[in-house]
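Just below is one structure, and these are the notes that go with it.
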């Protein structure tokens, strides 16, 4: 009795919630459930007032939505929805049965039978189908486990009519949800209940984690936890246990995180949120044997780069027959194909903030008063994959009011493929136009890379004349070289508005009969229907476009490793002009010689839409041939690869290897004008094994003093007689051995050239073989110098800081760090 009342309350609560949000179809459904449950509990009229209230509200809502229902595109009747849900459970049960997952199969057969028994319909055809499904489910369940659903089992049937609400939809439903068994992905044996497998550093199934522990440190787990909270929602790392996600509910699933914020261009035409079953008679995830890039249509959401990313991913699946974009959508059938879920819940795996993450959505989609979708959609009526993937990505990005992105970011999120940006700069000497085209031509046809291209700012005259959209992304579908002509086939995500120049359908000069036949393209036929797909020559690309975005297949590599870290804003100087010793630094050791490559991908974590919209953090990776040791001076020695600081979340650096290459490198993370704490992931991909690790901290002890060069003590360097007037400091290394590490740093006014000397005064071991008499910080430098020493004997030393020229007054900081305890004082 208590459970029935609780379920009635939950149904009523949901009805009111949907009613308040203008989601009238959903409200009608839950008001009806609440009325049925309360009627069953009615004994002395205690619920009569509520029953009257709910019935009157149903009548009012039905009058309000009558006009919309007449205009709707054949929405699926409730009994058809029940049949779809029963079929969904049966298919999952059959998949689990075939996979040998006996317990899971029995549970799913039982769920299917209960759902079929609880369905109410007067449609004889639907009733016959439901009866047949129930019979098959019961017979197979009895065969597997001896479970029998009979007239005596009335409690089971009653419970089927009073299921728990979708998980976490209400605070007080948490307990009942946890008590339910999940519906599992058919081909995966679920891990132990309420346990999650440990995180590991892999990013693709075939890549071997190399050169370190596969498990994360506590510090890294904190970084990943921070990166899970994005735009006020939580997106936890995707793990193997998530393959056992629950997708079946008695009520249609509604996302506990609420409805997405609409974009300004959506709001004027917005009428309601609708489920696919309310829009289509037979909704499907994918229509046909594969996804089709021609069917993709962008509407009013400003996500052209995302839609272009969908197009090139769909083209890849169609051309190479390998699942890429459809592999991230759940639930799936036994063939690992994503399927329509009549219960309304989906899970999408996106690569966000350094790791694959789990994104849960419902299937409510924004529509106009004429039931036209106000999001990206498929021209194949009833096909859902485009709209649902966009919804999942927009949820992570804070809603449909999307500030815009680029395809490097979007494709990496969708596929995990390695992002690289190639700016088109024909007038700059470093731009190798021919090499870029050859890369596109050879690698695109091998399936090694996904490519999009984007325009920059265009004048109104150029935009009108060319048919190109300013600051707009286009999918690169094909690259050809025919009789010396270099051509690319592009797709505008809008599915209309095409290029009007060379090799467009309007061009009567360049299209030869041979070229038409080779490309299977007829300009005259193409001119009849504008689907946004067009050919363009490479020279025009270089003239009117701004940048190519390439995302590389991780399958080009065999090994990977990653490190997740935080760089606090207060550590080190704001700029890297003089000192990078406080920057995060990592050693990279290549473990074999020969030709190959190591690619380094730096990813900055973004957790707020404002940061994404106004991204002012410029980051890069610097590579030094420094034997894997720490680097202090940014340009002494100069970096082997000097990264360009860009305000993109991703930066890629490539190290080419041959027989003569170094085997040890130092990687330095760098920012321009560092002002905020950043969280980031450093991931390496290698054709050969390697070791990537954070350079260890050698110094446990540190002392710092503040000094002053004044009119007396500003003695200058040792070339001057006044050198003896400089401040002198005594440092004592308190240790029982002669193998100590010592780091001395001097910071002073940047307008002065500064340096220091260190002299031995007395050693604890007079026979120490590693003793030295005097050492200096080397050439005098602007504002910053250091000296790093190994195998330093314990004892007493004097340090003399100075400017190069006498009489230069100002403050300075002397910092000493050691592996042993030390004392530092002014003499």
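Going from the start of the chain as shown, residues are counted 1 onward.
Each residue, glycine too, has its Cβ placed from N, Cα and C.
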Quiz item: What range among 62-112, 113-163, 164-214, 215-265 does TrEMBL record as region 'Disordered'?
Solution: 164-214
Quiz prompt | Cβ contacts of residue 472 (active site) (under 8 Å, same chain, 6 or more positions away) | solution = 304, 454, 455, 492
Quiz item: So what's the average pLDDT for the domain 'Calpain catalytic' (251-554)?
Solution: 93
Practice problem: Please classify the secondary structure at residue 304 (active site) using three-state DSSP. | Solution: helix
Practice problem: According to DSSP, folded down to helix, strand and coil, what is residue 492 (active site)? | Solution: coil
